[in-house]
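Here the structure comes first, spelled out in structure tokens, and everything after it is commentary.
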Amino acid sequence: MAIISSKKQSPQPERPDDDIFLASENQVSYKYKTKKSKSQAQRSEVEALLEPEASAAEKSDNQNEEKIRPQRLDEYIGQKDLKEVLNIAISAAKSRKESLDHLLLYGPPGLGKTTMSLILAAEMEVNCKITTAPAIEKPRDIVGLLVGLQKGDILFIDEIHRLSKMTEEILYPAMEDFRLDITVGQGKSSKTRSIPLKPFTLVGATTKVGSLTSPLRDRFGIIQRLRFYEVDELSLIIIRAAKVLNTDITEDGAEEVARRSRGTPRIANRLLRRVRDYSEVKKLTPINAEIAGEALELFNVDPLGLDWTDRNLLRTMIENYNGGPAGLETMAAATGEDAQTIEEVYEPYLMQIGFMQRTPRGRVVTAAGWRHLGFSPPDEQLSLKL
């Protein structure tokens, strides 16, 4: 659910024993009760949230994952424009001895938003706490995170568009003025005061930047989009990962995996592991283009990176709706897939490669999409601009 990286964490500051009511800029109050543990050595509820126990297998997987992740900005492959912007921001913050400005990263999943937050922490030599918006269920969850941050620390919140309104309102003064607005007590005897926070950097990640409220979005000083990767960039990522995994792969083998990776490093690393398994079991080394192609065909990944679900989505639209237009909910009902999954996972890549288009009346399969599945497109699909 969350990771703490880099430096050793200092103990969280003591909180008052009183019932605390958190007040936003609009003076909306939320109750926050502190709970005393049986002993000071016992983890708090927030610490348990941030540092879950991992099994030996999970620890091994995490170690491999950490080795594959680039550790520094100059090791990060691709996203040239983003790296230039962040390099300037890092240099400026270091020269002024300030924390980085708040950063919002948006784009399809798997493009390296979490990795970039860890790199920023490494470059700034600070801690990085990672969590997701759905894990922040109550005001005390975000309060625990904020008060535990040391000077310059980075707080990474994935799926930030899913934050509740009350959590957002707590973040407003925290992001802008590095303070928590709280009200102690209830009724006429209540008193409002501000608790200072140490300067920190909030890094938010989202696949739906349009779903963020304007007050939250406007508090980010840097807003950057992550794009899909080119084949040559993914090839370099795959070759680097193969070295970490002690897997012998040729340049054309890496390129074959890259072509089928949907422009996404996370998928590239996953497919590399499947190809490695195939190579080891079949005793076929080094992994060249032919071996990689055979392995990925076995796992139902075609030369353009489409899997069974992608092809089923296109085929259903062609066979049932003559290629569209069809609404998102109609597509979900016809294929049995979740509408949000179609919109966030499958549709962006199908649109990226020109197999699907959005129109005012719904989604439409393009002529290229028809041909990829072996169908002859009707005249109306031929007229669509690709």
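Backbone N, Cα and C define each Cβ position, glycine as well.
Swiss-Prot lists ILE68, ARG69, GLY110, LYS113, THR114, THR115, GLU176, ASP177, PHE178, ARG219, TYR229, ARG266 with the feature ATP binding site. If you take the C-beta of PHE178 (ATP binding site) and look for same-chain residues 6 or more apart in sequence within under 8 angstroms, you find PRO196, LEU197, LYS198, PRO199, PHE200.
As annotated by Swiss-Prot, Mg(2+) binding site applies to THR114. THR114 (ATP binding site) carries a helical DSSP state (H, G or I). Spatially close to THR114 (ATP binding site) yet at least six residues away along the chain are ILE130, PHE156, ASP158, ALA205, judged by Cβ distances under 8 angstroms.
As annotated by Swiss-Prot, DNA binding site applies to ARG358, ARG363, with the evidence given as sequence analysis. Around ARG363 (DNA binding site), the same-chain residues at least 6 positions away in sequence with a Cβ under 8 Å from its Cβ are MET317, GLY324, PRO325, ALA326, GLY327, LEU328, MET331, GLU347, MET356, GLN357.
For 1-12, the entry in Swiss-Prot reads compositional bias 'Polar residues'.
The compositional bias 'Basic and acidic residues' annotation in Swiss-Prot covers 56-70.
Residues or ranges marked as region 'Disordered' in Swiss-Prot: 1-70.
Per Swiss-Prot, the feature region 'Large ATPase domain (RuvB-L)' maps to 13-229.
Residues annotated as region 'Small ATPAse domain (RuvB-S)' in Swiss-Prot, with sequence analysis given as evidence: 230-300. As a whole-number mean, the pLDDT of the region 'Small ATPAse domain (RuvB-S)' (230-300) in this prediction is 92.
The feature region 'Head domain (RuvB-H)' is assigned by Swiss-Prot to 303-386.
Residues ILE68, ARG69, GLY110, LYS113, THR114, THR115, GLU176, ASP177, PHE178, ARG219, TYR229, ARG266 are listed as the ATP binders, and the farthest two of them sit 37 Å apart at their Cα atoms. Remark: secondary structure over the region 'Head domain (RuvB-H)' (303-386) totals 46 helix, 9 strand, 29 coil, with classes taken from DSSP.
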